[in-house]
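According to TrEMBL:
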{"type": "ACT_SITE", "residues": "S194", "note": "active site"}
{"type": "ACT_SITE", "residues": "D347", "note": "active site"}
{"type": "ACT_SITE", "residues": "H377", "note": "active site"}
{"type": "DOMAIN", "residues": "116-268", "note": "domain 'Alpha/beta hydrolase fold-3'"}
{"type": "DOMAIN", "residues": "322-379", "note": "domain 'Alpha/beta hydrolase fold-3'"}
{"type": "TRANSMEM", "residues": "6-24", "note": "transmembrane segment"}
Amino acid sequence: MESYCTLVLIAGILVVFVLLVLIVTDYNSFKAEMPPDVDQPSKLRFYHCMYALVEVLAKNLNRLGIVEEHTLIRLITDGLPVLGDSQLCIKDLHFDGVPVRIYLPREPAAGKRRGVILFHGGCGIFGSIRSHERVCRYIAKKSDSVVVSVGYHLSPEYKYPAQTLECLAVTVHFLQTAHAYGVDPARVIVCGDSVGGTYAASVCQELVPRTDLPKIRAQVLISPFLQALNFNLPSHHKNAFAAFLSRERTVRYLLRYLGKDCSLEEPILAGSHVPESMNLKYRKWINPDLIPEEFKLGYKAPPPASFLPRVHEEVPELFTCRVSPLLAEDAVVCHLPDTCIVTFEHDVLRDEGLLFKKRLEDNNVRVTWHHVEKGFHCTVAFFGYGIFSFPSSSTVVNHAVDFIKGY
């Protein structure tokens with residue numbers, strides 16, 4: 001027994017030693033600024049450090065050829081499983097070959113219900129139907145809606161643009177078969193957080209010219225990623241070292257999602273991937289001057305970087321509307337459905353939501369905007385975990401529910 005305890009102690013010391021070595025050798029991964037006004041900063045710091053530790057461990061195991069980096073990170077981003085729910089009928093199906101989970105309220109409805117299609121976040125690499133299980137159940141019950149959670153296949157196993165195309169395919173399938181699920185096809189709403197917001201915005205844009213389908217009634221975009229031209233907006237600098245999604249992580253994950261070389265990270269962060277002609281063309285839509293003054297306190301725009309044609313040629317996907325919905329022409333934007341945008345103060349992507357809000361309003365699209373002062377990127381991922389969650393998580397999801405109930 002004594003020798004067993006000694007072995008356990010030695011193993012414990014070795015584990016602690018290895019973890020300390022990992023932290024020291026990749027200290028930058030653990031760096032995160034915790035403003036005093038962010039939601040529960042001590043709890044957020046703890047979660048961020050746990051995530052960073054798994055990220056560093058996954059990186060080193062990947063180098064040793066033991067496990068793919070994204071495989072280990074998915075284990076924690078998928079969250080914990082949920083027990084059954086007597087108020088909902090939950091089915092796992094496939095729409096046009098794409099896995100979906102559909103949540104149907106058991107309470108009989110007086111007529112056709114609204115439908116909500118949810119695209120989860122996770123940079124196109126992480127996340128799953130399970131990661132957003134609690135959010136989907138809550139929306140279905142609180143808004144009395146039929147919710148379809150889309151389990152699009154992830155990168156790198158499925159190369160871009162498989163994710164966008166699968167989200168589009170599911171949406172088209174549901175619009176065509178809505179009656180079979182007790183849904184009014186004229187009351188279908190698309191919803192997404194982070195890259196899920198990218199997919200929701202992209203799907204709405206791609207369906208604009210379709211006259212053979214019912215129109216999407218509304219879209220809900222929670223902390224969406226909407227452009228890849230300028231990573232030097234005020235929120236990129238204010239929240240450069242924010243928890244979970246720093247400025248550097250944003251571009252690194254984007255490159256991994258697209259299957260690009262991560263050595264392109266630095267020139268893209270600097271803006272060297274965008275030629276001057278393109279900057280001039282899109283300056284009317286992507287420009288710090290368009291951000292309200294209250295969001296630019298202390299901001300000083302960096303000097304323009306030198307254009308690198310090689311980098312530009314490596315990343316043509318960044319200039320498409322599937323990756324950067326903010327680049328859509330006004331002829332498309334003016335036909336987009338009513339939109340709810342939720343932004344977070346402590347989020348590198350805050351200003352993209354603000355810029356898209358202005359574009360929609362300039363094109364006479366009805367916009368409902370909520371700004372969560374204490375919110376941070378990944379707020380939604382913590383919804384439904386009781387004391388382990390954050391107050392802002394409930395605030396965000398309730399904003400979405402209140403908007404959805406209006407349709």
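A Cβ is built for glycine as well, from the same backbone N, Cα and C atoms used for every other residue.
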- Query: What residues, ordered by sequence, lie under 8 A Cβ-to-Cβ from H377 (active site) and sit at least six positions away in the same chain?
  - Reply: S194, S223, A242, A243, F244, L245, F344, H346, D347, V348, L349
- Query: What mean pLDDT does the predicted model reach across the domain 'Alpha/beta hydrolase fold-3' (322-379)?
  - Reply: 98
- Within 10 angstroms of the C-beta of S194 (active site), what count of other C-beta atoms is obtained when all protein chains are considered? 28
